[in-house]
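The transmembrane segment annotation in TrEMBL covers 20-38, 59-79, 99-118, 125-143, 149-174.
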Amino acid sequence: MTTYIPSITLPAMIFQNPAASILLPIALGTAVGFSVRPKETQKTYMALKQPPYRPPPQVFGPAWTVLYGLMGYAAYRAHSTGMNPLSSAEKLVLFKQGATLYTVQLGLNLLWMPLFFVAKRPVEATVDIVALTGVTGYLTYIWGQVDPVAAWALAPYLGWLGFATYLSAGVGYLNNWNIADKEVEASPAGKGTKYVDEKKE
C-alpha cells in the first residue's frame, strides 16, 4: 500500500481541470524532448545496435504525445470520480494515493531521455524505466479501483512502457552497456549515413 505524500504530489487544481491535466504531461514531455536536441538524439539512436522490432525514430514523438494525453486524461477521470462527494471514502483515499504515484511516475518518465541520450547511461536509464513500469502498473491497479476508465486510459501507456523497457535493455545489452562512444556522421556528398564507433577510429 502506497501513501499519499502532499509534498511530492502535483496540486489538485491540475487534476481537476481536464485541459491542464491533459496538457501538462504533453508539455513537459515535449519540453524534455526538445531539451535533449531531437536531431542529435535521432543520430545516436540510429548509430546504436538495436534489438528486433525497434520502431523508426519518427514514431516516438507522435506515440508519446498520445500516451501523455491519455495519462493526463486518466488523472482527470480518477480525480473526478475519487473526489466526487457521492464516492466512497475508500475511493477518495485511493485517488490521493494514486496522485502521489502519478507524480512519481511522471518524474521517472521525464528522467529517462536525459539519462539515456544526454548522460549516455543505459544502465541507469534501464533501471529508471523498470521502476517507471512498476510504479505505473501499480498506479493502474490503484486508479482502476477508483474509475475503470482511468485504468483503461493508462493501459496503452503501460503496454508501451513494457515495450520501451525491452528496447532500453536490448540496446544496452547489444552495445555492451556503453553508448558514450557512438555517433553518426553524414557520408560525403549526401550519400547516406556513416556509423562511427569512436573506439575503432
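Using N, Cα and C of the backbone, Cβ positions are placed for all residues, glycine too.
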Which residues of the same chain, at least 6 past either end of the transmembrane segment (59-79), have a Cβ under 8 Å from a Cβ in it?
12, 14-18, 21-26, 28-30, 33, 38, 95, 98-99, 102, 106, 143, 146-147, 149-151, 153-154, 156-157, 160
Are there residues at least six beyond either end of the transmembrane segment (125-143) with Cβ under 8 Å to its Cβ atoms? List them, or say none.
2, 74, 78, 94-95, 97-98, 101-102, 104-105, 108-109, 111-112, 115-116, 150-151, 154-155, 157-158, 161-162, 164-165, 168-169, 172
Using Cβ atoms and a strict cutoff of less than 8 Å, what residues sit near the transmembrane segment (99-118) while being 6 or more residues removed from its termini?
2-5, 8-10, 12, 15, 25, 28-29, 32-33, 35-36, 40-41, 44, 71, 75, 78-79, 124-125, 128-129, 131-132, 135-136, 138-139, 142, 168, 179
